[in-house]
Each structure stands twice: as structure tokens, then as C-alpha cells.
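Participant: Take a look at the following structure, please.
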Amino acid sequence: MKQRKRPTTQGSSNGHESNNGQGTDSTSAFSSSAAFHTSTSTSSSSSSTPSSKTTVKNTSTTTTTIKSKTGSNKTDAKSSGLKPAVHSQTMLLELLLTVTRSSLVIVTPLVAGMILRVAPSMMEPIYGSIFIEEGFLEYSLISVSVGVVLAMIYTFLLGKRTASTATATTSSSRATAAEGKALLSAEDRLTAEVTAAGLRKDAGLRKGIVISLDLCGLVLASAFLTTHVMFKHSGEFGPWRGPHLTQFVLAYPLLALLGFANCLACVLRSYERVHVRTWMSCVLIQVGAILGLTLVVFQMAPQGQNCPRVYSSAILVAVISSLHKLLAFIHGEVALPDERLERSRRKSQTASSRASLAMSFIPLVLVLALTAQNVTRNPQCQASVVKAHNPVNGNYTILARNESVTGWISVVDENISRRNDLHIRVMRAGHSLIGGMYAETGDSIFGSFYIPEAVRLIMNREKGHQETVLQIGLGVGIASGSLIQHGLLVDVVEIDPAVVDYATEYFDWPAPHEKFIQDGRQFIRNAPEGKYDYVIHDVFTGGGVPPSLFSLEALHDIQRIMRPDGVLALNMVGSEHPIKAQALNSVRRTLHTAFKHVVAFKESPDDDDAYQNIVFFAAQFPIEFEPYEPPPFPTQEEMDFWMKQHQEGGHNGHALRPSDMRDWILSSFQDWPLKTPYDPTKGELILDRNNTLNGMQRLGAEDHWHAMRSLLPLDFWINY
């Protein structure tokens with residue numbers, strides 16, 4: 001018996017079969033609407049036939065259509081004869097190249113890579129260099145995870161909401177039909193319900209992404225205002241909690257919002273009918289691309305000014321969000337490979353919808369306004385010193401400032417003396433002072449900076465030639481300036497050009513034999529062998545030292561570039577307290593491993609447990625010092641010259657002035673050795689492959705932070 005052909009509606013065919021016969025494809029939601037209109041006439045003609053068999057078959061066709069709409073392709077293939085969805089590279093490309101996903105793959109790495117680099121450096125002027133990255137990466141990953149979880153919850157609630165709304169809509173249509181209108185067939189009702197629910201869910205996902213991007217832009221645009229408010233409470237927060245509490249108004253919410261937006265972008269839209277393997281491939285590619293590009297952006301821009309990077313990112317995110325709104329207003333969801341801009345998808349552009357569109361651009365306007373306000377009025381974002389930096393009744397005057405390669409470098413004068421009528425001028429680098437002097441005398445405010453000069457007093461050396469010195473880390477040029485004054489040829493390696501410029505202009509650092517603006521470790525690795533008689537090593541800043549310059553390999557490089565009877569003078573900040581001495585013990589052990597003879601002295605005879613400068617002298621021969629002889633008292637002409645320079649407000653010739661502090665330090669420092677004897681079993685050997693010095697400095701860095709806050713008040717530190 002010849003079997004009767006199964007009826008198929010035109011809407012079902014358009015909604016399920018692709019042109020190439022490969023099963024379901026990524027089709028637009030308007031096809032569901034077309035299926036709704038087409039199936040109305042088809043169902044009407046089918047219902048005119050009194051055969052109950054035809055009615056059953058029409059119901060079967062309706063079931064097949066709904067299953068296909070919900071993605072149950074395997075069951076549908078058996079009941080309707082359609083081919084199941086297959087994994088296709090074309091479908092994968094269409095998923096990846098939607099406007100939403102492709103724009104987020106570009107924006108997310110740019111913003112995330114920037115904020116991972118900039119956010120810690122924004123904390124450095126207030127909290128120093130040791131604490132700003134402590135746990136930052138871990139909390140950042142947690143923030144992204146929180147955003148992803150919130151997106152999953154949002155998607156789940158959105159699905160339930162759209163489903164309940166669709167049910168209410170169907171009930172309303174039934175009530176309307178009961179009043180006298182034609183009752184829709186079961187197929188028409190279910191098709192309309194699925195289509196409406198899908199479109200509402202698409203709109204909800206789009207709205208979630210746009211709102212999260214708007215918030216990202218506002219967080220970035222207001223970053224310097226919110227962090228400045230948090231900085232005012234830094235004394236209450238402390239150096240451990242302060243950076244993280246401040247990041248809760250900057251990096252952490254921003255990363256959570258980016259995670260939220262990207263998770264929503266990975267959710268399939270109602271018109272995307274693809275195999276689960278295709279969808280998973282899309283998600284993996286998008287996540288991998290974002291992570292890889294974020295790492296590239298993070299590595300490509302390690303230095304630079306923070307304000308331009310933050311505000312350019314804020315404007316970029318706000319513009320992308322506004323473009324999404326505009327495209328949604330005109331076309332709805334848009335896919336790049338097949339735009340599908342049929343008339344049935346376009347929204348009616350009424351006066352109320354246009355007003356709603358105009359209101360949606362308010363975040364962009366706010367971002368632009370905040371950017372303009374901060375760029376023109378916020379003193380932190382100015383390239384030079386402005387009036388806001390130096391209020392009329394302020395206690396300090398910023399003479400110069402520069403956001404250089406190592407962060408904020410500034411030169412500050414004290415207006416009101418608190419030290420026996422002696423005013424100070426300091427060079428600030430982040431949350432530390434890398435040098436300073438008393439304005440009236442030209443003496444260094446840190447006596448330990450004079451101790452490295454004692455290398456020229458070491459005996460048992462050949463001194464019948466022109467002696468050469470390498471100084472790693474300049475500061476304000478106290479030690480190198482004195483050695484230059486004594487006729488030694490001094491080469492200086494300094495990573496930050498602003499430090500060199502300010503030392504010359506504001507602290508009268510005399511011109512050295514040669515100066516090199518580069519990383520100290522790179523210089524000693526490439527410097528010629530046996531060139532220097534002395535190496536002065538002083539790179540402490542921000543509460544700690546760069547670990548790479550204290551490793552055994554770095555000390556071997558220093559040993560190589562010195563003459564056989566060369567001497568290393570190395571300064572670090574530490575404490576002999578048993579709990580806080582881990583970093584000190586590790587540096588001592590590493591120095592004793594590299595050199596045969598090592599001696600160490602503190603900067604003062606005060607409390608042995610105090611956190612203070614400690615200067616090591618290391619050589620391959622026994623270290624003994626000649627008695628220090630103060631220079632002769634200056635002539636009257638020299639005194640008149642220095643007095644004239646002082647009256648003119650300068651510090652010229654400070655290295656040539658008589659200095660009671662220098663004379664006292666160089667005459668007395670040998671009486672202040674470390675009280676704790678060297679124990680090779682204490683401390684770790686610092687190696688490049690396992691350098692843990694940064695972690696050892698945490699307790700000492702906390703003491704240094706509190707010492708800086710006791711030396712200078714809060715208003716000094718938050719004004720940079």
C-alpha cells in the first residue's frame with residue numbers, strides 16, 4: 001500500500017533546513033516570525049480537511065517544529081526526517097564574528113591588560129612598592145570569577161522571566177480569542193510563544209552587556225577621584241589592607257564587569273541554532289583569545305603615564321557601548337557575516353524610542369565630562385606643577401614632578417621648619433625619599449649616604465692610578481658628588497632619567513665621568529671586565545630593593561667588572577630583630593658566598609632592632625680603613641661664595657661645603673657594626689632561579705611605611 005506523504009509547513013522548512021543540506025544553521029530570529037505568518041495560512045487549509053489522520057499529522061509536524069526551535073535535533077531528525085545539527089567551521093565563524101563577541105574580544109584585552117598594569121602603580125605613591133602587588137593577581141582572578149557567576153545567575157533568572165512572560169502572553173491571546181476572534185492553532189501559539197520568549201531573552205542579554213560596559217567606562221573615568229578619596233584614609237587602612245580596599249573602587253569591580261559581559265556574550269541567542277560542539281569551540285576560542293591578548297597588552301606597555309591610559313580606555317569602552325545601543329536601536333542583534341536586516345526585524349522608531357535612545361547616551365556624556373574635568377583640573381593628571389599642587393597656606397612646595405619610568409618622581413621643599421629652623425628639600429620616589437638635604441647647610445638628611453665614601457679609605461690596595469667608581473642608583477648624588485670632588489672618575493647607572501635631571505637641577509649634583517640611563521642589572525652584565533676600583537650599590541626605594549640586583553649571579557657580575565682589589569659598598573635597609581632579619585640574613589649569606597671578606601655597619605648607634613640603613617663592604621682581601629681626616633676649613637672667599645648661593649636660594653657647590661655631618665659619620669661609622677654575628681645557616685641564598693627576596697622584605701617594608709608616615713604627614717604623601 002502506498003504510504004501517504006507527510007505534510008510539512010513552509011515555516012517549518014524555512015526555520016530548519018539550510019541551503020547546503022547540512023542541518024540547522026545559525027538563522028536570524030526573524031525567520032521564526034516568518035514561520036508564524038506562513039504557518040497561519042497552511043494550518044487554515046489543513047484544518048478544512050475533516051480527516052482526523054491529517055490533524056494528527058499536523059500536530060506531529062508542530063511538535064517537530066518546536067523541538068527544532070529548542071535545539072532537540074536528534075529526536076527531531078527521527079520524527080521529521082531533518083538532518084541533525086553538525087559541527088561546521090562556517091557556523092563557528094558566524095558565532096565568533098557577531099558584533100558583540102568580536103568587539104568584546106578587542107575591548108576586553110585592551111582594558112584588562114591596561115588595568116592589571118596601571119592599578120598597582122596607582123597605589124605606589126601611597127603604599128610603596130612591596131604591598132601593591134601582594135595578592136593583587138589572586139583577587140583579580142576572583143573578581144573575574146565573581147562576574148562570571150553573576151552572569152550565570154542573571155541568565156538563569158532572565159530565562160525564567162521570559163518563560164513566565166511568554167506563558168502570560170499566551171493566556172492573554174486565548175482570552176482575546178474567546179471574545180470572538182479566530183483561535184490560533186496549537187502550532188501558531190507555540191511558535192509565537194517560543195519566538196517572543198527568544199527575542200525577549202536576546203534583548204535582556206544585550207541589555208546586560210551594554211549596562212556592564214557603561215559601568216566599566218564610569219569606573220575608569222572616575223578612577224582618580226575615587227582613589228583620591230580612599231587615599232585620604234590610607235593611614236587608617238595601613239599598607240597591608242589599603243591597596244586592596246582601594247582596588248575595590250577600581251580594578252576589582254572593573255574586572256568583574258568584564259567577566260560578566262563576556263560570559264553573557266557566550267550565551268547563544270534565539271536565532272543561533274548550532275551543535276553544542278560548535279558552541280563550545282566558540283567559547284574556548286573567545287576565552288583563549290582574550291587571555292592571550294590580555295597578556296600581550298600587559299607585556300607591551302609596562303611603563304607610561306597612567307592618566308592617558310585610564311581615560312583613553314574609559315572613552316573606548318563608552319563608545320563601544322554606545323555603538324551597541326545604536327545598532328540595537330536600528331537593526332537589533334547584528335552578525336557580521338550575514339547581517340539579516342530584513343524589514344520584519346527592524347524596530348519601529350517612535351518618538352518614545354528615540355527619546356530612550358538619547359537617554360541611553362548619558363553614560364558616554366558622563367565619561368567625557370569626567371575625563372575633561374580630570375585632564376584639565378585634577379592636579380594628579382597634569383604634566384607639570386600647577387597651582388593646585390601648592391596651596392597658599394600649604395606646608396610644602398612641589399618644585400618639580402614627573403610621572404617617569406619608575407613612577408612619580410618629585411622635588412619638594414618644606415615651607416615650615418620643624419627641625420631647629422632647618423628646612424629640607426627632598427626627592428620623592430613613590431612612597432619613599434631617595435635623598436634630601438638641609439637647605440641651610442647642604443648636608444644630607446640621611447647620614448648613611450656618606451658611609452659609602454669610605455671605600456677610598458680602605459687600605460691594602462694599589463692607589464697609584466686614576467681610580468674609577470661605578471654607582472648603581474643615583475638618589476640625589478650625595479656619595480657620588482663627594483667622590484667626584486675628591487678627583488675620582490665616577491660612572492653612574494640610573495634607570496630613571498627624571499632622577500638624573502632633578503639631581504642635577506635641584507641638588508647640584510656635579511657632572512660625572514659618564515652616566516647611563518638603563519637598568520642596573522643589564523649594565524653590569526654587559527660592562528667590560530676589570531674596569532672599576534669601587535662599586536657603590538644603593539637601589540633602595542619604595543620600602544624595598546629590586547631582588548634581581550641582590551642575587552648571587554648579580555654579585556658575580558659586579559665582581560667581574562671590578563679590579564682584583566676592587567671593593568663593593570652595598571646599602572640596604574633592614575633590622576637585626578630575629579623576626580624581621582630574614583632579608584638581612586639572606587643578603588649577608590649571599591655576599592659571603594660571593595666575596596671572601598664582608599663587613600657591615602649601621603647608620604647610627606641607636607636601637608639594634610630598629611629598621612635602618614645598613615652598608616656592607618665586600619672584597620676578596622681583608623678590609624681595613626684608614627683614619628678619616630676632615631678636609632681643611634674653607635677660606636673666606638669660599639665661605640662668601642657659599643653664602644651668596646644660599647641667599648639666592650640655590651644649593652650650588654654643596655659637595656664642596658664643609659659638613660659636620662659628613663665628618664662625624666666618616667669618623668664614627670666603624671663604631672656601629674652589626675651586633676649579630678654572621679651565621680651561614682641563617683637566611684637563604686638569593687639566586688635568579690629562586691629569588692624570594694621580595695617576600696622577605698614585607699615586614700621591613702611595613703616598618704619603613706610607618707617611618708615615612710611619622711617623618712612626613714598625610715597631606716605630603718597624597719599630594720603628588
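Glycine is treated like the rest: Cβ placed from N, Cα and C.
Positions annotated as active site, proton acceptor by TrEMBL: ASP538. The compositional bias 'Polar residues' feature in TrEMBL is assigned to 8-23. The compositional bias 'Low complexity' annotation in TrEMBL covers 24-74. Summarising the annotation, TrEMBL assigns domain 'PABS' to 490-623. Taken from TrEMBL, the feature transmembrane segment covers 92-116, 136-157, 209-231, 251-271, 278-298, 310-330, 351-372.
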Participant: With a cut-off of 8 Å between Cβ atoms, can you find at least three pairs linking the transmembrane segment (136-157) to the transmembrane segment (251-271)? Only pairs 6 or more residues apart in sequence count.
Facilitator: yes
Participant: Using a 10 Å cut-off, grab the number of neighbouring Cβ atoms around the Cβ of the residue listed as 'active site, proton acceptor', all chains included.
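Facilitator: So the Cβ neighbour count for the residue listed as 'active site, proton acceptor' comes to 25.
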Participant: Rank 92-116, 209-231, 251-271, 278-298 by Cβ pairs under 8 Å to the transmembrane segment (351-372) and hand me the top one.
Facilitator: 209-231
Participant: Should anything in the same chain at least six residues away from the transmembrane segment (310-330) have a Cβ under 8 Å from its Cβ atoms, list it; otherwise answer none.
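Facilitator: Result: 99-100, 103, 107, 110-111, 114-115, 118, 206, 209-210, 213-214, 216-218, 220-221, 223-224, 346-347, 349, 353, 357, 360-361, 363-364, 367-368, 370-371, 374-375.
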Participant: By DSSP, what is the split of the domain 'PABS' (490-623) into helix, strand and coil residues?
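Facilitator: Helix, strand, coil within the domain 'PABS' (490-623): 43 helix, 45 strand, 46 coil.
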Participant: Please report, as numbers and ranges, the same-chain residues at least 6 past the borders of the transmembrane segment (209-231) whose CB is under 8 Å from any CB of it.
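Facilitator: Same-chain contacts beyond the flanks: 100, 104, 107, 111, 115, 122, 126, 237, 242, 245-246, 249-250, 253-254, 257-258, 260-261, 264-265, 307, 310-311, 313-315, 317-318, 320-321, 324-325, 328, 360, 363-364, 366-367, 370-371, 374, 378, 380-381, 718.
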Participant: So what's the mean pLDDT when you look at the domain 'PABS' (490-623)?
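Facilitator: It averages 94.
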